[in-house]
Amino acid sequence: MGAQPTNGILPGGGAKAEKKKIHPAVIIVLWIALSSSVIVYNKFVLDPNQLNFPYPVFLTTFHMAFATVGTRLLARYTHLLDGLANVEMTNERWIKNILPIGALFSCSLIFSNMAYLTLGVSFIQMLKAFTPVAVLLISFAFGLKQLSGTLTMIVGCISFGVALASYGQGDFAMSGFICQVLAIGFESSRLVMIQVLLQGLKMDPLVSLYYFAPVCAAINALVLPFTEGLVPFFQISNLGPFVLFTNAGVAFCLNIAAVFLIGAASSLTLTLAGVIKDILLILGSMLLLGDTVSGLQFFGYGIALAGLVAFKTHKG
């Protein structure tokens with residue numbers, strides 16, 4: 001959750017007055033903490049060896065329903081969604097632009113959460129390092145980007161690192177790997193479609209969530225009967241309302257933090273913050289969730305991270 005700043009929805013501007021009141025370092029630390037918490041919390045809820053609520057479609061649907069209500073309340077009672085006034089949303093634009101991106105977003109969230117059922121947080125984070133490469137390749141396929149010699153080398157570096165990390169995975173689960181690959185594919189397609197379909201629109205992460213959350217919630221609700229049926233509803237009591245609402249609440253707070261994060265630091269600083277977050281996540285998953293990471297995986301992931309930083313620096 002459910003990038004962009006990692007795990008946010010869209011780059012953009014908004015709530016500028018509020019941003020200036022908080023020191024950038026505080027915002028970055030808060031974003032790292034919330035972003036990491038969302039991932040670990042989702043894993044903790046979904047993992048059969050933890051809270052054992054293995055219903056990713058239901059969980060994603062609840063998150064999006066929570067976000068739908070939350071963004072409407074923020075729009076009514078705060079200034080965090082004043083950016084809505086800058087977006088001229090017509091029925092035609094909603095159907096042609098918001099709906100397809102929302103569908104991609106929904107698929108990305110579902111498959112990403114499904115991966116947690118069989119893969120560890122550490123390995124999933126390593127695979128996610130391939131996302132910028134997937135975005136670049138899709139952009140190249142549609143003629144939106146040109147591959148230079150330098151970019152090709154960087155792509156090769158990231159790809160080699162991720163492949164090495166995957167090869168070093170001890171308890172490799174093909175089903176989880178396929179789910180995460182599909183999640184990366186849908187997420188990368190979503191990011192490319194944002195560049196194409198929403199070009200020129202000033203939509204910060206919360207404004208984007210305001211429009212996309214209802215679409216995702218509706219699509220997920222349609223998928224739910226054919227995937228998990230009514231079983232999750234009978235198992236909610238085992239999970240408890242506190243866990244369900246705090247889980248969705250942390251994910252929602254991450255999107256609020258993303259609004260303040262934008263403009264708080266340079267692109268390179270945010271990239272490095274993302275790298276630090278990923279490293280902390282891997283170490284945290286080893287300590288808290290018992291993930292096992294081999295030396296070969298650390299080496300491969302280090303190569304991928306170096307390529308990722310080079311990629312962001314090259315993009316300038």
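Glycine is no exception: its Cβ is also placed from the backbone N, Cα and C atoms.
A TrEMBL annotation is a machine prediction, not a hand-curated record.
For 22-41 (among others), the entry in TrEMBL reads transmembrane segment.
According to TrEMBL, the feature domain 'Sugar phosphate transporter' maps to 25-309.
Per TrEMBL, the feature transmembrane segment maps to 53-74 (among others). Listed as Cβ neighbours of the transmembrane segment (53-74) (distance under 8 Å, sequence separation of 6 or more from its ends, same chain) are residues 1-2, 42, 45-47, 80-81, 106, 109-110, 113-114, 116-117, 206, 209-210, 213-214, 216-217, 220-221, 223-224, 227-228, 231-233, 235, 238-239, 244-245, 247-249, 251-252, 255-256.
The transmembrane segment annotation in TrEMBL covers 94-117 (among others).
The transmembrane segment annotation in TrEMBL covers 123-144 (among others). Panel annotation: around the transmembrane segment (123-144), residues 3, 39, 115-116, 151, 155, 158-159, 161-162, 165-166, 169, 177, 180-181, 184-185, 187-189, 191-192, 195-196, 278, 281-282, 285, 291, 293, 297, 300-301, 304-305, 308, 311-312 of the same chain, lying at least six beyond its termini, place a Cβ under 8 Å from a Cβ of the stretch.
The transmembrane segment annotation in TrEMBL covers 151-168 (among others). Note on the transmembrane segment (151-168): residues 123, 126-127, 129-130, 132-133, 136-137, 177, 294-297, 299-308, 310-311, 314 of its chain, located 6 or more positions outside it, place their CB under 8 angstroms from a CB of the stretch.
The transmembrane segment annotation in TrEMBL covers 174-197 (among others).
As annotated by TrEMBL, transmembrane segment applies to 209-227 (among others).
Residues or ranges marked as transmembrane segment by TrEMBL: 239-261 (among others).
Summarising the annotation, TrEMBL assigns transmembrane segment to 268-289 (among others).
Under the heading transmembrane segment, TrEMBL lists 295-311 (among others).
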Message: Do any residues, 6 or more residues outside the transmembrane segment (174-197), come within under 8 Å Cβ-to-Cβ of it, and if so which ones?
response: 3-4, 10, 96-97, 100-101, 104-105, 107-112, 114-119, 124, 127-128, 130-131, 134-135, 137-139, 142, 144, 166
Query: Which whole number is the mean pLDDT over the domain 'Sugar phosphate transporter' (25-309)?
result: 88
Message: Taking contact to mean 3 or more CB pairs closer than 8 A (sequence separation of 6 or more), are the transmembrane segment (268-289) and the transmembrane segment (22-41) in contact?
response: yes
Message: For the transmembrane segment (94-117), give me same-chain residues lying six or more residues beyond its boundaries with a C-beta closer than 8 angstroms to one of its C-beta atoms, as numbers and ranges.
response: 1-2, 9, 42-43, 46-48, 54, 56-57, 59-60, 63-64, 124, 176-177, 179-180, 182-183, 186-187, 189-190, 193-194, 197-198, 211-212, 215-216, 219-220, 223
